[in-house]
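Beneath this line is the structure, given in structure tokens, with notes to follow.
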Amino acid sequence: MTDVEIPADHPRYESLVTRHRIEAGIEKGITSRQGLIAQGRGEAFDYLLGERTIPSARAAERAAAALLLSADHPVLSVNGNVAALVPEEIVELAAATEADLEVNLFNRTEERMERIAEHLREHGATEVKGLAGDGRIPGLSHERATVDADGIGAADVVLVPLEDGDRAEALASTGKTEIVIDLNPGSRSSRSAAVPIVDNIVRAIPNVTRHARELSDAPIEELQYVIDSFDREEALEAAETAIRRGSFDDDGDAEADGRNDDAEANDE
Ligand code: PTJ
């Protein structure tokens, strides 16, 4: 199934490649089947956003880089979708910001935890947290509360991509600064984040890394300025507006906004 050739000249090539990476993740035992549903939801929002990084997301990505660089103990949380879509890129971001990588699953099984940790090591990670599972996010029941005490448990800044809303809210209420990557600006995860990045993770992670490299020698005052200049409410509103503008009119036709050649060519 995953060895299907996607023609490089297909107008929605990137989107189709992303979809196949999730399929491959399921076959490899790292992504949950629910990850497919999450991907479908994400794709719908990305389609309406024009499958591009909007300016407010770019500002969020820069603020996220500044936050990670100025943190005492930053942690990047990795779930089954993240591991399938951006394994090498998340390892690069961890290196660029000196952050820990922690496997943290909504549907936690030891087998999938091990496989994801191994997958990250295959893509260059030296240390992967999450397997100890000796800490808990307060306010959550069951296995989905499990974290590493010296990982997310001890972090001051946590990047949580594609997170379930309940967990994102519980984590934010512990006082940690939360950066969320989620294509839905109305989700509880986006709403609970100090820095919500409304962008596809396949674009967002390399963008944050690029900003982190640019800011790596910046004084703390400059990092603080980047963080303080970011307005989360404004960014969420800008994303909602972009989605509304990119949506379909009452007749079901794509609005003429300059990106519909691609949109209408979607014959998948
Ligand atoms: O691997 P696990 O067990 O930890 O499970 C991971 C999933 C993603 C299945 C789990 O956390 C889940 O069910 O998440 P939700 O509640 O479906 O939320 C996922 C959010 O991520 C949704 O708001 C989607 O719009 C968004 N999303 C999906 N794909 C992408 C995305 N955001 C950015 N980039 C994407 N590629």
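A Cβ is built for glycine as well, from the same backbone N, Cα and C atoms used for every other residue.
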Q. In TrEMBL, the residues ARG19, ASP182, LEU183, ASN184, ARG188, SER189, ASN200, ILE201 are said to bind ATP. Which of ARG33, ARG41, ARG144, ARG232 is said to bind at that same site?
A. ARG41
Q. Near ILE201 (ATP binding site), how many other Cβ atoms are within 10 Å of its Cβ?
A. 21
(Q) At a 10 Å cut-off from the C-beta of SER189 (ATP binding site), count the other C-beta atoms across all protein chains. (A) 24
Q. What same-chain residues, at least 6 away in sequence, bring their CB to under 8 Å of the CB of ASP182 (ATP binding site)?
A. GLY42, PRO161, LEU162, GLU163, SER189, SER190, PRO196, ILE197, VAL198
